[in-house]
Amino acid sequence: MISDRSDLPHSAGLPLVLVVNGPNLNLLGTREPGTYGTETLADVEQRITVAATRLAVRTEFVQSNHEGVLIDAIHAARGRASGIIINAGAFTHTSVALRDAIAAVALPMVEVHLTNVHAREAFRHHSYLSDLAEAVIVGAGPLGYVFALELLAGRTAAHEATSA
Ligand code: DQA
């Protein structure tokens, strides 16, 4: 599912941040709520959209349970987006292909996990993405995405200021 919430005419020239969510994150709100909380993915995306307006960036959202769909969305961000926020879900711990896609597009990327993966099972401690990330935000719940957007928006603004 791909959705662009930046349909407001005045948002057209703003930098774009792609927000990628991986497998099972479509079930947020009902999936293990004791672990992942009660906010749905739509709630989380709404939070990000509100922050994007404040930070003067555009966002585009993709969620898929299929590795190839996520990889295609990351490829399509090349030349369009100025950064990527990704919660790859369980693919974080398994997918060399997703890592290669992130490396290939060479966009600033922030890795987000709702939970503190380091306080969970050992198989969640390793990420194939972390060493490519500008920052890794774990355990902050849905706010982690907002922190990530703050970081990427600030980076974009700093880049524009130095290249002006
Ligand atoms: C997650 C952590 C992963 O280990 C898990 O497979 C998920 C969600 C998180 O947001 O905390 O699906 O990425």
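Every residue, even glycine, has its Cβ placed from backbone N, Cα and C.
For ARG31, the entry in TrEMBL reads site 'Transition state stabilizer'. Taking the Cβ of ARG31 (site 'Transition state stabilizer') as centre and 10 Å as the limit, one finds 14 other Cβ atoms among all the protein chains shown.
The secondary structure of TYR36 (active site, proton acceptor), as reduced to three states from DSSP, is helical. TYR36 (active site, proton acceptor) is surrounded by 18 other CB atoms, counting those within 10 A of its CB over all protein chains shown. If you look up TrEMBL, you'll see TYR36 marked as active site, proton acceptor.
Cβ environment of THR115 (substrate binding site): THR35, TYR36, VAL138, GLY139 lie under 8 Å away, each six or more residues apart in the same chain. The substrate binding site feature in TrEMBL is assigned to ASN87, HIS93, ASP100, LEU114, THR115, ARG124.
The feature active site, proton donor is assigned by TrEMBL to HIS113. Around the Cβ of HIS113 (active site, proton donor), a 10 Å sphere holds 22 further Cβ atoms from the protein chains shown. According to DSSP, HIS113 (active site, proton donor) sits within a strand segment.
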Filtered recorded positions, from ARG31, ASN87, HIS113, LEU114, THR115, ARG124, whose Cβ is under 6 Å from an atom of ligand 1: ASN87, HIS113, LEU114, THR115, ARG124
Could you measure between LEU114 (substrate binding site) and ARG31 (site 'Transition state stabilizer') for me? Cα positions, answer in whole angstrom. 12
Long-range Cβ environment of ASN87 (substrate binding site), under 8 Å and at least 6 residues apart: VAL20, ASN21, GLY22, LEU25, GLU111, VAL112, HIS113, LEU114, TYR145
